[in-house]
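Student: Before I ask anything, let me first share the structure, which is written out below as structure tokens.
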Ligand code: NCD
């Protein structure tokens, strides 16, 4: 008897607001779909028609280069009409709230809104007020689900697996939505996750997220398979979290000497934008173990997979 073909992957959610709440099966499904998008993106003809006729709005209340442009490319590769809206200081100064903006955009009948906002929870709030699918492209220090998915895809392609790997997430964990989403996702897929930072940059009770906390790079990187650096988020700091950038680099900046604590075949990642000479040295960022460019490529693929997964739940379907 022939085996039953496995049923096609169906993503059951209308929105992607975070990694929290996704099952390992759903994460694996998105990663498998992303692999197909990588192959498609490497062809001359890169377009599909999954989102033909659909309108995607990228609503960014916070600056972004790679996230916004990769959502734009992803939407266009799937055939959507993509509009970028950067809500800078201007309309916020006029007193318009997130919910007013949401109501205005909703009246234009979009099918997908991709949102980045500086306040944790703002994207989920907006999702309650619109009729279309919403993707969280980063909300305050809360979550950045597509970043965690693209990081997982990058690791999986480099290492062949995620389960059982030791991943050290280093730096400004306190202010990082990237760290939060990665911790949740990597735990769901069976990695061992460490965070490495000075005490001032670790959230209280971080161990409850399922990580071990380390205060030195020597200890935190020992034998690690993946070293994930985070940007020092100076714009979110309203106090003195680090004595000086120079001192921070001396203790927590990743250079070749500190990378030597990790496993001999360890890979290095950074979500960007990088502060060279602050959290990472150029010799490492541009070195042979760096996956930073791969992360950017995987970013487009993962966002295509996410948009495609949500396309089953779009209005009028
Ligand atoms: C991150 C972000 O904005 O959350 N960057 C990104 O999405 N590529 C990390 C950061 O800003 O440091």
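From the backbone N, Cα and C atoms, a Cβ is placed for every residue, glycine too.
What TrEMBL says about a protein is an automatic prediction, not a curated fact.
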Student: Of 42, 109, 116, 236, which one shares the carbamoyl phosphate site with 66, 67, 144, 147, 272, 273 in TrEMBL?
Tutor: 116
Student: When the pLDDT values for the domain 'Aspartate/ornithine carbamoyltransferase carbamoyl-P binding' (14-156) are averaged, what is the result?
Tutor: 94
Student: Which residues, in sequence order, are found in the same chain with Cβ within 8 Å of the centroid defined by the Cβ atoms of 66, 67, 116, 144, 147, 272, 273 at the carbamoyl phosphate site, excluding those residues themselves?
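Tutor: Going along the sequence, the neighbours come out as 64, 65, 137, 138, 178, 271, 299.
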Student: Going by a 10 angstroms cut-off between Cβ atoms, which of the binding-site residues 66, 144, 177 has the sparsest surroundings?
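Tutor: Each of the binding-site residues 66, 144, 177 was scored by Cβ atoms within 10 Å; lowest is 66.
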Student: Give the residue from the binding-site residues 272, 273 that has the most other Cβ atoms within 10 Å of its Cβ, counting over every protein chain displayed.
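Tutor: Compared across 272, 273, the most Cβ atoms within 10 Å surround 272.
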Student: Cβ under 6 Å from an atom of ligand 1: which of these binding-site residues qualify? The list is 67, 116, 177, 231.
Tutor: 67, 177, 231
Student: How many Å lie between the Cα of residue 231 (L-aspartate binding site) and the Cα of residue 272 (carbamoyl phosphate binding site)?
Tutor: 7
